[in-house]
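Features reported for this protein in TrEMBL:
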- G21, K22, G23, G24, V25, G26, K27, S28: ATP binding site (BINDING)
- C195, C198: [4Fe-4S] cluster binding site (BINDING)
Amino acid sequence: MEQNNDGSLALVRHVVLVLSGKGGVGKSTITTELALALRHVGKKVGILDVDLCGPSIPRMLSVGRPEVHQCDSGWVPVYTDAQKSLALMSIGFLMEDPDEAVVWRGPKKTALIGQFVSDVAWGELDVLLVDTPPGTSDEHLAVLESLKKHKVDGAVLVTTPQAVSTGDVRREITFCKKTGVRILGIVENMSGFVCPHCSECSNIFSKGGGEELAKLTGSVFLGSVPLDPLLSASLEEGKDFTTSFPDSATFGAISSISQSLLKSLESD
């Protein structure tokens with residue numbers, strides 16, 4: 001099939017940004033969980049990890065630091081399975097030393113991100129999830145500028161239940177409105193703690209901040225995901241929680257969020 005002006009994203013059906021107003025809310029975790037849940041229902045998924053400060057997704061998917069190859073149409077993504085149903089390209093693959101801090105000035109960062117977004121040979125995908133840096137920085141704008149040449153379906157915003165976190169996401173909502181990015185919905189992460197012994201869910205933080213924020217801003221509330229030690233351990237070890245814990249309430253929550261996201265994308 002001949003490539004059109006969309007270049008490397010020509011055969012990608014949907015592009016979704018995953019945003020958060022601050023670091024530490026589990027944005028990369030939610031990106032990985034959504035990707036695995038979408039693959040679980042038979043979708044071909046890609047993750048573009050452009051979080052320069054913390055490219056953690058390769059570890060969560062247990063791919064290590066493979067050598068990245070190039071083909072005529074750009075960098076070849078790393079596949080996590082033999083069926084090639086989950087593709088990953090991380091900025092971490094291109095760093096000489098992944099343990100070194102990235103101390104680059106803005107122009108160098110934005111140039112790398114621009115090249116990175118446009119030069120990956122994704123092939124055919126149902127959904128490409130873009131894990132962005134936290135906040136509303138130059139890197140954000142660089143990602144958006146590079147993706148504006150292509151169709152971006154919208155953004156999923158990740159928050160935690162506390163008011164301080166939802167305040168940061170409120171700014172992210174303003175950023176989306178100013179830049180013309182559709183908000184596909186809000187996910188509340190760390191919504192309670194699931195006891196690994198009795199499976200009871202207790203609220204460590206306050207509850208319902210994400211849902212309240214969605215109401216206040218007229219956004220869709222996609223759902224909440226609790227802190228689950230079993231799920232966290234599976235990601236730490238690079239295991240697919242969809243096969244390890246298919247009966248858990250946490251898996252049910254993530255599945256429901258991914259189904260709502262698919263409905264929203266396919267109703268366009």
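Counting begins at 1 with the first residue displayed.
Each Cβ is built from the backbone N, Cα and C atoms, and glycine gets one as well.
Here the structure is a predicted model, which means the values were calculated and not measured.
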Lowest local Cβ density (other Cβ within 10 Å) among binding-site residues: G21, G24: G24
Neighbourhood of K27 (ATP binding site) by C-beta distance under 8 A, where only residues 6 or more apart in the same chain count: V18, L19, S20, D51, D131, T132, P134, V158
Which of G23, G26, the listed binding-site residues, has fewest other Cβ atoms within 10 Å: G23
